[in-house]
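Peer 1: Input: one structure, supplied below.
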Amino acid sequence: MKEIKNLAFWHWLTNFWSLLTLLFFVLAFINPGQFNGLLVNVSIIYGAILAIYVSNKEITRWHNKQFTSKYYGEVFVFLWTIVMITFIIIASVNGKYSISPEFTAIYITILGIFAIGQKSKALKNS
């Protein structure tokens, strides 16, 4: 039970930082040149929190035979992919906008963490 409460905390924290990070990236995209120094810090914090959450989730999955996740990483991947595609389209049409390297890095981080979590889940269920 303690593992589940701990997981709920990390889930909440991950959601909070996901929204905050996404907000900063959208604001930085709309207002080129602003928030540049902040994006590095927000990206590092968000990447670390996401990695901790997914690690805790997978460890709980492996230790608790009855564990079934009610949280779906696909939603995060879908949301970040939609934002990435939107940024690519807008930046290619209007030279005023560009995608920050931090956004690309955090997007790849999200994909990588999701892929590792999916592989862990598949191994556990096989």
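Glycine is no exception: its Cβ is also placed from the backbone N, Cα and C atoms.
Dumping what TrEMBL says about this protein:
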type: TRANSMEM; residues: 12-30; note: transmembrane segment
type: TRANSMEM; residues: 36-54; note: transmembrane segment
type: TRANSMEM; residues: 75-93; note: transmembrane segment
type: TRANSMEM; residues: 99-117; note: transmembrane segment
Peer 1: Cβ under 8 Å, sequence separation of at least 6 from the ends of the transmembrane segment (75-93): give me the contacting residues as numbers and ranges.
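Peer 2: For the transmembrane segment (75-93), the far contacts come to 18, 22, 25-26, 29, 99, 103-104, 106-107, 110-111, 114.
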Peer 1: With a Cβ cut-off under 8 Å, give me the same-chain residues at least six positions beyond the ends of the transmembrane segment (12-30) that come close to it.
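Peer 2: Distal contacts: 36, 38-39, 42-43, 45-46, 49-50, 53, 76, 79-80, 83, 87, 90, 97, 99-100, 102-103, 106.
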Peer 1: Taking a Cβ cut-off under 8 Å, which residues six or more beyond the ends of the transmembrane segment (99-117) line up next to it in the same chain?
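Peer 2: Contacts with the transmembrane segment (99-117): 21, 25, 28-29, 36, 39-40, 42-43, 46-47, 50-51, 54, 57-58, 73-74, 76-77, 80-81, 84, 87-88, 91.
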